[in-house]
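> OK, TrEMBL features for this one:
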ACT_SITE  Glu424  active site, proton acceptor
BINDING   Thr138, Gly177  FAD binding site
DOMAIN    19-132  domain 'Acyl-coenzyme A oxidase N-terminal'
DOMAIN    134-245  domain 'Acyl-CoA oxidase/dehydrogenase middle'
DOMAIN    278-439  domain 'Acyl-CoA oxidase C-alpha1'
DOMAIN    480-656  domain 'Acyl-CoA oxidase C-terminal'
Amino acid sequence: MEEVDHLAHERSKAQFDGDAMKVVWAGSKHALDVADRMARLVASDPVFRKDNRPMLARKELFKNTLRKAAHAWKRINELHLTEEEASMLRVFVDEPSYVDLHWGMFVPAIKGQGTDEQQKKWLPLAYKMQIIGCYAQTELGHGSNVQGLETTATFDPKTDEFIIHSPTLTSSKWWPGGLGKVSTHAVVYARLITEGKDYGVHGFIVQLRSLDDHSPLPGITIGDIGTKFGNGAYNTMDNGVLQFDHVCIPRNQMLMRVSQVTREGKYIVSDVPRQLVYGTMVYVRQTIVSDASKALSRAVCIAVRYSAVRRQFGSQDGGPETQVIDYKTQQSRLFPLLASAYAFRFVGEWLKWLYADVTQRLQANDFSTLPEAHACTAGLKSLTTSATADGIEECRKLCGGHGYLCSSGLPELFAVYVPACTYEGDNVVLLLQVARFLMKTVSQLGSGKQPVGTTAYMGRAQHLMQYKCDVCGAEDWLKPSVILEAFEARAVRLAVNCAQNISKAPSPEEGFSELSADLVEAAVAHCQLIVVSKFIEKVQQDIPGRGVKEQLQILCNIYALSVLHKHLGDFLVTGCITPRQGSLANDQLRSLYSQIRPNAVALVDAFNYTDHYLGSVLGCYDGNVYPKLEEEAWKDPLNDSVVPDGYHEYVRPVLKQKFRVSRL
């Protein structure tokens, strides 16, 4: 194939130091180096080939995933990779598999909820992958409502064991990744019953399969729940169903860091505060936010590069047609997604800091920031995953008909990513949790207790309720203070309005239920304010590199003003801005699109993704789209033969009109 960089001219327009921007995106020079080495290690290894995934049957696809996971583990050990390097290698293998749940849920659950003794026993086995674990919480009948789980763990003091049981069909564990065919163990969540009393949901380490022949242990029914949405995609994962029929486990396999059951069957709450359990949840959700930026940036990279290569209409006198990326309709849909990818990256970085800070405080028995951390991670998980899922689909549309091909990489990326809107908390349910936190914060404003952290702006509620936006010209919308205060005023007014309306209801719960849709909007406004404020903070840091700070400032403004445009009704109805000021914001947004246009390709290059990781003929680095599209087309199994299977049985009789006449 001809090696021509069709995007070289686009890259020559860049007004910033591309290498410096790569460091900003990666977080540090060290992180960039690690990512670069691991990406190239995976891309150069034929075992990690993935272009044929959409064509494989489910069984073949799954077996191939097992092969890749085993090969990745072999390479991790052969090369003596660090934990950071191993984690990054798994990212670039880019295939959902049982190892995701083993490292992402099983291990953190034991670290967060196991005693020191339990950690010493189980973690070495897990770290060496001598056992493979999953996280069995969700049931057929209950997902978001964890307190409604039906699986029981009844303590029998005669045998010093818990009896794990699935009393109903709906108590079947349903959806845990890795459970269906691979996991040998699981952290199972069940209702703890001892001395005839139900103490609610607790975690238990349960062995599921024999370590000798992998067969299910007695009393355990286990399997895969079936094919899921999309070709390839999440079908590489063995999401499972699990039922227990009076399965006995030793008492010491209850995760006992927070509470425990004695040999006599007494339930005891330990000195370790129960809030520590939420640390694992905060960790998982902040990881999901970081993953959102990865997924959205991949889709945006494909769409930006393809939009620069693709030409349609506009030719005069036989000249070249117009690049699709130069159409304002394309820019208005694409550039806010580019800005969102950067915004989610930086808010993800901040969440990592928040998690580290909360963890340090928890270890010192300081739980003051935990409610805020829980609300932040819940809300930002919801906001970023919803926006990313929608954004990937929008990028597919931005690539026209070719975006619908599996070889574009976008259909599979969407199918792999969209479950994030549901797992680890349904997005609407999470926003309602954020809303409860906001309502509690508003209720305390008159008590003299000052809000802190991401709700500190509510301490100025009286001022923000009277706030009038000071925008006279479009350029005023470039001022960070103006943007920030407009977003703060909107968030406060939506929250206060909800609180006032709830107070008029017969009861707080009835009011909350009746106003749930409004409360979701208030929670979204609060979360968008967090993203905007963290992007502004990032831009205000000392950022090295020619033109990098300027480009980040433009992206920050595009993100903020595109959100304002999308939610203009909120800003107008709450009186934060006038219709005239909203119009000026749109004028400025159009101007920002023109400013970012020359740098668009270079800005997605800064993600530093290999062609292997992108997995897209439309988003390849050299922009040599059309030859690659044709090459991929001829690889399809349907093209293995010129005359298709079935022609003689079904097509030829139609063409020749030779049918047997049946007699009734």
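Note: Cβ is positioned from N, Cα and C throughout, glycine not excepted.
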> For a three-state summary based on DSSP, what are the helix, strand and coil counts in the domain 'Acyl-coenzyme A oxidase N-terminal' (19-132)?
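Helix, strand and coil residues of the domain 'Acyl-coenzyme A oxidase N-terminal' (19-132) number 89 helix, 0 strand, 25 coil.
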> In sequence order, which residues at least six apart in the same chain have a CB under 8 Å from the CB of Glu424 (active site, proton acceptor)?
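Looking at Cβ-Cβ distances below 8 Å from Glu424 (active site, proton acceptor), excluding near sequence neighbours, one finds Met281, Val284, Arg285, Ile288, Lys381.
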> For the binding-site residues Thr138, Gly177, which one has the sparsest Cβ surroundings, going by other Cβ atoms within 10 Å?
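Per-residue Cβ counts within 10 Å for the binding-site residues Thr138, Gly177 bottom out at Thr138.
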> Need one number: mean pLDDT over the domain 'Acyl-CoA oxidase/dehydrogenase middle' (134-245).
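Residues in the domain 'Acyl-CoA oxidase/dehydrogenase middle' (134-245) carry a mean pLDDT of 96 in this prediction.
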> Take the domain 'Acyl-CoA oxidase/dehydrogenase middle' (134-245) and count its residues per DSSP category (helix H/G/I, strand E/B, coil), listing them in that order.
10 helix, 49 strand, 53 coil
